[in-house]
Amino acid sequence: MIFNPVISNHKLSHYIHVFCTFTTFCILGTETRQAITALSTYTPAFVTAPTVLWSNCSSCMLMGIMQSLNAYTWMKDHQVLFLGVTTGYCGALSSFSSMLLEMFEHSTNLTNGNIANHTKLPNRAYGIMEFLSVLLVHLMVSMGSLIFGRQLGKEVIVAYGSSSFSKPYTPPSDTVKENAGDVDTQEMEKNILEFKFKTPAPFFKKFFDIVDKLAYALAFPLIILFVVLCAYYENYSRGKWTLPCLFGIFAGFLRYWLAEMFNKTNKKFPLGTFLANVFATLLIGIFTMVQRGKKHFSTDVPIVNSLNSCHIVSALISGFCGTLSTISTFINEGYKLSFINMLIYYTVSIAISYCLLVITLGSYAWTRGLTNPIC
């Protein structure tokens, strides 16, 4: 069953709606991830910073809530909004490539803090424990957040926010598809067969309408705003707050296109999301090598040794790579697969991505060495 929105009889109007809404949520998701990372970076922190753990947790919880709302047909009149929040916002808020980079840096003792303080593991075998620590904490927190979000949406929001039962609902058959990995059509069909269609209370309908219209209207103003800010301010904000959001737009659409093109090829292995995550991890390894790799073995000067270039590389790492890869869709897809297929999907994705980091960033770190970036 293909689940698509009914926005307008004119396809151009619909595509503009999708483009604007998706763009807005990609910008907001990238900016939120940057803000949460900055907020969670302090000393002494229980969760060692910098990390995308908080962002991944938040995005998976929101993804779970949206899955429940959509499964009970709450989003039947707002499918473009659903696409924007799940694939756009949650996808940009979470980051698979950043998680893999954390995993690599901790397991190889190459974090910025360890290099600056000359911190060493008791022996190299402890790298295995560091690898498992990052992997298990991220995956378990993300999966737990998704399950909690789904139950919160089902048992609280849908249960207490529905005004009445609605008539049986037949989804339209054009545009936004399940292939993006964020539409659970099986659960939706099950609820339809069991006559579990619910109508959200007027407050929620109005809220969805307002958010949908705001997302539609804010796309181009936000693009113009960030372009102007990026051009005017040449300080650290260019690499941390402005450029990442602009790069995130292109990354978000690339991820969505890959999912639309390739996820339908194999229902047991979401190939589109896999390609997006692996490609983003390869790029983040290369960009990190350029930003932190020593120019010469005998000096601590990095390859990128100008402040402006360093900010641009930082924006590519957090904006393009961070948004191109996603944990929320990755976890949600695994949740919908059988347990064995989920293990295969997760293992192959993580193993290949980690090996790419070893080949790119690791080989340079162990021959020339890494240093801290200048920005």
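Cβ from N, Cα, C; glycine included.
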- Between Asn117, Asn263, which does Swiss-Prot record as N-linked glycosylation site? Asn117
- Message: Are Lys205 and Met75 co-located with respect to the membrane, according to Swiss-Prot's topological domains?
- Response: yes
- Query: Per Swiss-Prot, which of 35-55, 182-202 is transmembrane segment?
  - Reply: 35-55
- Query: Of Asn56, Asn235, which one does Swiss-Prot label N-linked glycosylation site?
  - Reply: Asn235
- Across all protein chains shown, the one of the glycosylation sites Asn109, Asn117, Asn235 with the most other Cβ atoms within 10 Å of its Cβ is Asn109
- Message: Using Cβ distances below 8 Å and needing 3 or more such pairs, separated by at least 6 in sequence, tell me whether the transmembrane segment (242-262) contacts the transmembrane segment (12-32).
- Response: yes
- Between Asn109 (N-linked glycosylation site) and Asn117 (N-linked glycosylation site), the C-alpha gap once rounded to whole angstrom: 11
- Going by DSSP, how much of the topological domain 'Cytoplasmic' (263-268) is helix, how much is strand and how much is coil, in residues? 3 helix, 0 strand, 3 coil
